[in-house]
Structures are given as structure tokens and as C-alpha cells.
Amino acid sequence: MQYPVILKLILRSWWRNKLFASISLLSLAIGITCTILLISFVTYEYTIESSNPRKEDIFRLTQNVPVMQKQKQGTFVYGGSVPDIVSQFPEIESYLRMNELQTSGIRVGNEKFDKQTIVKADSSLLHFFPFETVYGNLPEVLSHPGQVAISEKLARLYFGNENYENRTITLELPDTIYTVQVTAVFRHYPQAMLQADILTSLSDPEQGSSCMILLKKEVQSASFRQRFEETGLPTLMGRGNYQLLGLQDSYFNTDLSDTSQTMEHREITLLSIGLLSALLILSIACFNYVNLSFSRLLKQIRMLHVETLMGATRQYIHKQLFADTFLTVMLAFLLSVLLINDLLPAFNSLVAAHLTFGFIFSGKVLPLLALFIIILSVIPALYMSRKMYSLSESNYRLFFIGKKKRRIVSILIILQFIISIALMTTFLIIRSQLNMIENEGKRYENIIELGDGQQLSLLPIYNDLKSLPGIKSAITTRGNIFEPWSMAVPVNQEGEEETLVMVNLYNESPKFQELYDMTLLHPERTKELIAQTAIPVIVNESFQHHFVPAGEDPISQPLNKYNKNNTQQGAIIVGVIKDFKLTSFNQPVAPLQMILQEVPENQCYYISLKIDPDQRIETLQKIRQLWETHFPNRSFTGTDLYMKYLSFNQEVTNFSQLLLVYSIISLFLTAFGLFGIAWYASEQRTREIGIRKVNGASTWQIVWLLNRPFLCYILIAFIIATPIVYTLMLHWIEQFAYRAPIGLKVFILPLLITLVMTICTVSFNSWRVAKSNPIDAIKE
């Protein structure tokens, strides 16, 4: 009978103090939800490939590639050289070469689906990545050219849950279209780093590819790695050295120049920021919980002593108080489970993760969660149950209402404000960097690119597109602006050895430069020279910086003077354009040279369209209709260049959104806590406020009286949070080649938001008490 009575007393206490119980329960549930999601996410990322029994024996081959006068690791390896390299090391059990091919679309019957990446691999693939075969014979697919295997996810999308036997798909490739039979279906194993959905055999092993080696189980990887990296081998730049990169090291190396699009990577710094944010959110929730619990338990002190007089033992009181705290945490945990189930898809989309509900409550994460819940519930429960029993009502009031209580509450509130201000400031700094990225990409806004490099007759559709009312301008182009040809050009810096610098090469019409708003430094001079020059070339500031001696004007000079590897005889530099960003802000702008000549129709593989943003939706529909009319057997290949540009900085975008969500949650929880604490403080000072009003205090003076300590807490929190956030984020922003300045706005705005939120929350309670009848307050 003891435990039902305890439960009944606890529920009665919760009902009598609905406000405090609801706020503490809700804030704790939100904090637990955020923390569980981030703990699971970080565990997933840090244990990538944990289901792979040979992960410690697998290494990726990388070599140093000179880019922008810096040595950068790249995964490009000539496939034909791999067997000779491997033959020199008996410790190697197997090797894997992979090549990738991008389709422009896939058709199944009359249905058209999005483009996919085909991974061509050696038959040894399953020794490296143990995909599970659902249907057919996957090893046979990897051993025989012409056969294709697809993932179970794609199979369900293409064929539903029906039988996979005798199924075919049509692949639209750059040079051909052909239909193949799906001879196998495979399933990804948990936490797979290789996210391939279409597999086939490596038909041309001589092509450049990504390569991995698998060491024999008994080999000591550290000693082998040292010997391998010290051995001279044939590399991209001649005789040199390869480096070996473990799978996890590769996963967290976002600076790696990876030839594989299906091998995933993760920015470890942003991962740490996300985890820290979750722990800070949990801290706010816990502070709310502790503050409100202490306040709520004050109203129970009389009841506890009545129970003692009625014969309740010390053990019984301990059980009651322990059960109260423990049940609050467990109920918050159960609410968080429901929230996680609903929010998991949105969270995966937000941070580009592959978390599942099963993984969150798997053996890898569940022990951490169990420990986390035990600490969160048992420690406060034990402390409160022992502390409450040992205090009389007068001593309790001295402890929880006197200076000691005020000191504890003050510290907890200041910590909440520090966390809220820090999260908002961090978000604004990341957002300012993202704004810089987005502003630089304005040149790509509302530009749609049609084509994927295939040999198509584009002139008929091009003429039809030009007449559409929603299209401002249209040009045919030889290449894709984001994927130019590159050339390694030698450069001599005074006093240094000759180095190679990669130069981006374009050969387009003069309209190309106008469409993408490339700013000329001397437009009038360039316009005049273009008309007089047979092969006019423009270069960018980076080209001028690397190849043109300081103080020299490259305009009107032959290109051969600076680019020793130039093959265009008679090419003259007619202008210099400002640098513009093509890819990630982590990388400096590469030198560029662009030949401005009209491109023959049979050499144009793309159409670039500048559309009217006010007619965007209807124009895109008409473009798709025209494409399907002219190319009924080809999937639509329209690409929004602005979205593609932003995808190069997707990690920053994702975590900016995550921090925005967490900043809002932190403010929400802080406001909840402040409301409860301000309500409690107002109730405790009702008599004092009544006396002040009788003695002539105005309503605004009462409101100021109750607001003043909270405003002081905010100021203290701001002074503490600002230098900490500035130091940490200064370190983070150093990874970018181009950085947004950290201005005063990113610090002042969180301060103002916190002030407004606090004043509104506290003033609501203050105004309510200040407007009450002082006589009634004094009588209480």
C-alpha cells in the first residue's frame, strides 16, 4: 500500500502546482530531446563503419597534388598503376579501384527518375564494404561487365515491393542511352561510409580512380604505413610518395580532394559545435528544473512535517521525495521519446544524417542514454530527498529564500543567460559567414542550366526558349561554369623553387562573361581590344597575382608570356576580371583564363538561361515542357546554379539552421524558466510590494524593482559570454580562405533580444502583482 499512496501524494502535489510542474516537465523534455538527438548523431558519426569487420585494415591511397602553391591531399590514382604498386608489398591482401559515372536521369518504363551516380568497382568491393545481397548475385555483377546492381532503397522506389526478377532500368549517360537488367539488389549495412546506390564492374581499370588497399589481418598497420609512405612509387607528378588514410580519418577530412562523390565526409568542428549546443540546451533545462523544483517543494514543507507527526518514517519521506524527482525526469524522458519519433526526419534533413530510431535505442547509444538519465534523475532526487527532510520550515525558508537561495538562483539564471547569449552569438557569426557566401553567389541567382555534356542538337530548343516571356537572356555554352578544364602551369616565385599552379580554362562566347556578371577592371579598354584581337583572352585577379610580375600590366600582352603551357597561339590578354567564387569558401580562388570566341553549334553542350524571378514557376514549367517536346527520350536536366553553388558550402548551411533552431529553443526555455521564477518571486514578495504601494510606490517603480536584478544578471552574462564566444569562433572561422568580419552587431543583437525577452516575461508578472490591492496583500 505504501507506493500507491506515495504516487497519489506526488500527483496531488503536481496538480496543486500545475504551473511549476508543467514548465519544469516541458523544458526538461525539450532539453533531453535535443541532447539525445545530438548524442546519437555524434555517436553515429564517430563510429562510422563500425559494422565493417575489416575497417581497421582498410586504407585509402592519397597523394599530394600542388594546388594554389599548396600541397593538398587528393585521392586520384591511375588505375593501371595500382597492381604494380600493390605487388611490391606482400602485406596487402587486396586492393579496390572505384570509378564513378553520373547519369542525367533514369527511366523505368514510362516513369522518369532523378539522376544517380553509378559506382564502377573491382570485384573485391565486398571485401572492403560488406553490402548484404537482397536479390541476385552481387559478386557476379562486380565480376561481369554489363550487369547492374541497385540498392534496396532504389529498388523500392523503382519497382515498389514487388518481385525484382526480370526488372530493367534505362540509364541516360553522357554518350549513350541503354537499358540494362537489374541482376542484383543490395542493402546498405548500418553506418556505411560508401553511399552507393548503383553498382557495376570496373570496365576500364586504366582510368583514373579512387583506390583502397586491404591489409592482411596480422599486419601491424602503423609500421606498414610508415614503410609504404617512405617508398618511392609512380604518382601523378612522377616518382613520389603516397599517403595512407584510414576510413575514419578520410571521413573527417573535409579538405581532401576526393574523386569519389559517394564516399561521405563530415566537418568535425561543426559536429563539436552541435554537440556543445545540445549540452548547453540541456543545461538550461536542468537549471529550470532545479530552480522550479526548489520553489515548488517549499509549498510541500508543511505537508512533509505533518506526515512526520502522523508517523511517517525518515525512509518513507526519502522515498516520497526521491520518487517525485525521479518520476519527473522519467516522464520528461518518455515525452522526449515521442518528440524524437516525430522530429527525427526533420533532424536528418537538417544535418544531412542517416539516423534511425533503432540506432538511437541500440546497444551503441542506449548505455549512454541510460547513464545520462540515471545521473539526471538519481543525483537530484537523492540530494533533494535528504536536504528536505533535514530542514525545518524556518530553516528551509532561510536556505531557499535567504541569501544562500538568492545566490544559487542568481548563479543558475546567469548561466542560462550566458548559454542563450552564446548560442545566439555563435549562430549570428556562422550566419554572417553564410551571408557572405550567399551574397557572392548572387551572380548565379535565377540562372538555369540545361544539358549535361551530352552530344545533343540544342539549336532548335534554344530558339524556342529565347522566345519565352519569362526568360531574360539565353546563351549556348561549351562547358559548365562549375566544372572547367584545368591545366597545371609552372610558376617561378623569386627566390623559390618552381611550383605548379592549377589554372581553370574556359572557351566561351563574350555573352558568357556578361551572363555571369563577371566584373571587368577596365571595361572600356577591354571592349575596344576584343574587336581588334583574333583570339581575345580575359584572366582573373588570381591569375595576375600568380603569373604577372608586380607592377606589370598584362593587358595587350600575349598569353604565352605568362602561361608557358598555353596551346592557343596568338592569344592576347584583353582584360582582367575580379575574382569570383566557384566552390567552397575553404578554397582560395584559382587562376582563370577565358578565351572569348563564338562557339560552333556542334561544340555547345549546355544552354544557360537567365529567368525572371517574378515568373519563375511558370517559366520553369514551360522550359520542362519544351525539353520533353524536343527530347522525349531524355530526362530533364535543368540545374539551378545558385542552389548548386550553395551545395558546395552545405555543411555551414546545415549547422547554421541547426544553431538557429537551438538558439530559439534556448530562448524559449529561458523564458519559461524566467516566467516560473518571476511568478514565484512575485508571490514571495506580495506583502513587501503591498507595503511599498501603501507608502507611495508607483506601479512602474514596482515593475522596475522586480526587473532590476534580472537586468543585472543579463549584463554579467554578456560580459562573460562575449570573450568566450569570440575566441572560439575566431578559431572556427580561420578555416575559410575568405572570412566575414566579426562585427559588433553579432554581439549586440543577442543582448538586445535577451533584454526584450526578459523584460516582457518578468514585467508580465510584475505588473500583475503591482496592480493588485495592497490591503489584500498585507493581510496574507
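In case you wondered, yes, glycine gets a Cβ from its N, Cα and C as well.
Copied over from TrEMBL:
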TRANSMEM  20-44  transmembrane segment
DOMAIN    23-230  domain 'MacB-like periplasmic core'
TRANSMEM  268-290  transmembrane segment
DOMAIN    277-391  domain 'ABC3 transporter permease C-terminal'
TRANSMEM  321-340  transmembrane segment
TRANSMEM  360-383  transmembrane segment
TRANSMEM  408-430  transmembrane segment
TRANSMEM  659-681  transmembrane segment
DOMAIN    661-774  domain 'ABC3 transporter permease C-terminal'
TRANSMEM  702-726  transmembrane segment
TRANSMEM  746-764  transmembrane segment
For the transmembrane segment (746-764), distant same-chain residues with Cβ under 8 A (at least six beyond the ends): 417, 420-421, 424-425, 428-429, 432, 667, 670-671, 674-675, 678, 703, 706-707, 710-711, 714, 717-718, 722, 726
Paired segments the transmembrane segment (268-290) and the transmembrane segment (702-726) in contact, 3+ CB pairs under 8 A: no
Average model confidence [pLDDT] within the domain 'ABC3 transporter permease C-terminal' (277-391): 74
